[in-house]
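Worksheet for the structure shown next.
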Amino acid sequence: MAATRIAILYGSETGTAQDFANILSHQLRRFHYKHTVCSIGEYSAQNILACQYLFVICSTTGQGALPQNARQSPQGKVEGTLWSVLKRSSLPPTLLDHLQVAFLGLGDSSYSKFNFAIRKLHNRIVGQLGAREIFPRLEADAIGLAGSNAGNGNGIELVYSEFEKRVLSFLNDQFPFMTVNGEQVPREPIATDIYLKPEYYLEASGNDKGTASVPCTFEGDSSVKYGTVVTNKRITATDHFQDVRQLVFSSQDGENYYPGDTVSIYPYNTDADVQAFIDTQQHWASIADVPLQIKTPTSARGICDGGLVSPLTLRNLLKYHCDIVSIPMRSFFMKTWTFAVDHERLPDGKDQLQQQRDKLREFAESEDMQDIYDYCNRPRRSILEVVQDFMSLRLPWEYILDYLPHIKPRFFSISSQPCNKDIELTIAIVRYKTILRRIRRGLCTNYISDLSEGSIIRYKVQYNDLLPAGKQDRPVIMISPGVGLAPMKCLIYAQLFNPMLLFFGNRYKDKDFLYADTLQKWADENRIKLFVCFSRSPDDSPGLKYVQDAVWENAREVARLITEENAVVYVCGSSGKMPVQVRLTLCEVLKKWGNFPDDKASEEYLKDMENSDRYLQETW
């Protein structure tokens with residue numbers, strides 16, 4: 001990757017930071033700025049010495065860590081990546097004094113280490129290596145309680161919009177002119193109704209051999225492995241609203257995984273959804289199964305996470321790489337509204353065509369995100385449904401890898417015994433009704449629910465280094481409602497802590513008490529101390545509705561283990577109210593039974609526990 005003086009770097013776990021980086025790149029291209037856009041892990045450490053203007057967009061994962069694609073190269077290597085180089089203690093404090101930089105953090109303040117990743121980057125790049133800040137760091141909060149959008153009702157999209165405005169204002173002030181044919185002319189943006197062709201695109205390969213019966217393989221990512229499904233069993237009652245699966249698959253060579261490590265699964269779309277998408281684009285029918293090739297100035301190896309499908313056809317790309325059932329982000333509308341040109345399929349012809357163009361353009365360009373939120377996010381409307389609604393869209397198949405988002409692997413905590421050849425995951429199947437009264441099923445959990453014994457899955461093990469060094473052989477207090485039990489189960493198998501207290505909660509004892517027999521057996525064998533509560537069957541846990549109630553009932557023992565025996569606290573489960581309520585409860589426990597005089601003192605103690613890796617939280 002050649003060095004440029006402007007670079008946009010992202011660290012993204014779920015794809016949001018990457019999407020914002022791509023939107024910013026799109027805007028810079030409109031203003032004729034040559035630049036690089038890529039993950040932090042992909043960016044050459046050498047190139048930062050030639051870079052003059054750097055824009056960083058990064059989310060936070062795990063215990064305040066940078067996302068994987070910020071820490072590792074696309075090939076899974078850590079050594080030699082930008083972040084690994086920047087962390088070297090031998091670097092001089094003036095290394096980056098040539099660099100001007102701006103930061104945008106994406107976080108969730110229900111996590112204690114809110115936006116830690118962007119703060120780490122900021123502290124190292126600006127505070128310790130001498131880069132100059134263009135404008136103060138912006139931090140977006142997904143729940144709107146902290147950071148740059150604290151209490152103002154604005155979502156992360158509007159924080160990004162402010163970031164984009166400041167970036168463009170700065171660059172356009174710095175470079176009001178550009179060179180065209182050797183002359184200096186005012187810098188004017190390319191009109192938004194002109195599609196900016198991407199660096200890579202598809203074209204027919206000229207090989208007209210049939211592909212329908214050719215089995216698919218994936219090229220370009222040797223770190224992806226194949227597993228064979230051993231068990232895919234529902235472990236909640238059939239009349240319970242939540243379908244939770246115990247998915248077990250065997251690895252080819254065994255895996256050296258440990259408590260807290262995760263597996264990333266590579267799902268794909270159903271054949272029915274792929275065909276439905278092709279049906280919305282009638283001009284694709286004749287090309288859908290024709291062999292294609294990617295035209296790119298560099299290499300196509302890193303274009304799709306997990307390796308590129310072969311045979312490379314439009315149908316296979318839609319099935320394995322394009323996330324057509326995801327909720328569209330603004331970048332989708334920015335790149336596609338100009339293709340609303342087909343009035344022949346509209347009942348009201350050209351009049352309706354103009355209406356559709358106007359609405360799509362509004363989604364693409366309006367700073368008020370309420371309309372796009374109401375149309376896409378509230379009803380969880382998918383890209384497939386959008387193109388079915390807007391039949392005027394005549395999308396060019398050559399650019400689908402540019403305007404359609406790519407399928408990302410989904411991460412699940414390992415719940416089986418460490419270093420076992422058979423890997424067990426505990427997965428809640430996503431299925432719900434929207435305000436449109438339509439059934440929604442998550443892409444990955446839909447894929448998982450259809451797996452049967454003998455099915456082959458593609459996966460990677462992600463090593464998260466969750467367990468704090470030197471913190472073992474001491475008590476651990478595990479707090480985990482629902483499928484948050486998964487990593488706790490792996491931790492109990494490992495027997496690294498003693499004693500082990502498990503506070504587990506769910507709705508009903510007879511419907512969703514996950515792994516009840518196993519947990520009770522461990523409790524009978526004194527491997528764990530088990531405390532359970534069931535929010536919808538109070539007779540089975542009198543006086544205890546939620547996990548924090550069970551913690552409070554055992555407050556004296558919890559406080560003693562934390563303050564006298566330096567216990568580790570591990571909270572895992574759904575984000576939102578649970579981790580907040582658990583933390584508040586622990587503050588009260590410490591204040592009453594840990595001899596802390598007030599809320600401030602107990603909260604400071606919890607913060608010290610976080611900083612020393614004794615308070616661990618993994619929520620989603």
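The count begins at 1 with the first shown residue.
A Cβ is built for glycine as well, from the same backbone N, Cα and C atoms used for every other residue.
Per Swiss-Prot, FMN binding site is recorded for 12-17, 59-62, 106-115, and the stated evidence type is sequence analysis. For the recorded site, Tyr111 (FMN binding site), the DSSP three-state label reads coil. Take the CB of Tyr111 (FMN binding site) and look out to 10 A: across all protein chains shown you find 20 other CB atoms.
In the three-state DSSP classification, Arg380 (FAD binding site) falls within coil. Neighbours of Arg380 (FAD binding site), defined as other CB atoms within 10 A of its CB across all chains, total 18. Look at Swiss-Prot and you will find Arg380, Arg410, Phe411, Phe412, Ser413, Gly442, Leu443, Cys444, Thr445, Trp620 tagged as FAD binding site, backed by sequence analysis.
In the shown protein chains, 16 other C-beta atoms lie within 10 A of the C-beta of Ser535 (NADP(+) binding site). Among the features that Swiss-Prot reports, NADP(+) binding site is placed at Ser535, Arg536, with the record citing sequence analysis.
Positions annotated as domain 'Flavodoxin-like' by Swiss-Prot, on the basis of sequence analysis: 6-168.
The domain 'FAD-binding FR-type' annotation in Swiss-Prot covers 222-475.
Per-site Cβ counts within 10 Å over the binding-site residues Gly15, Gly62 peak at Gly62. Look at Phe411 (FAD binding site): DSSP puts it in a strand. Checked against Ser413 (FAD binding site) by C-alpha proximity, the binding-site residues Asp108, Tyr111, Phe114, Ser535, Arg536 yield Tyr111 as the nearest.
When the binding-site residues Arg380, Phe411, Leu443, Arg536 are ranked by how far their Cα is from the Cα of Ser59 (FMN binding site), Phe411 comes first. Counting other C-beta atoms within 10 Å of each candidate's C-beta, the binding-site residues Ser12, Ser59, Ser413, Thr445 are led by Ser59. Between the CA atoms of Thr445 (FAD binding site) and Gly15 (FMN binding site) there is a gap of 18 Å, rounded to the nearest whole number. In terms of C-alpha distance, the listed binding-site residues Arg380, Phe411, Arg536 place Phe411 closest to Phe114 (FMN binding site).
Summarising model confidence by region, the domain 'Flavodoxin-like' (6-168) averages a pLDDT of 91. Of all the binding-site residues in the record (Arg380, Phe411, Leu443, Ser535, Arg536), the one with the smallest CA separation from Gly62 (FMN binding site) is Phe411.
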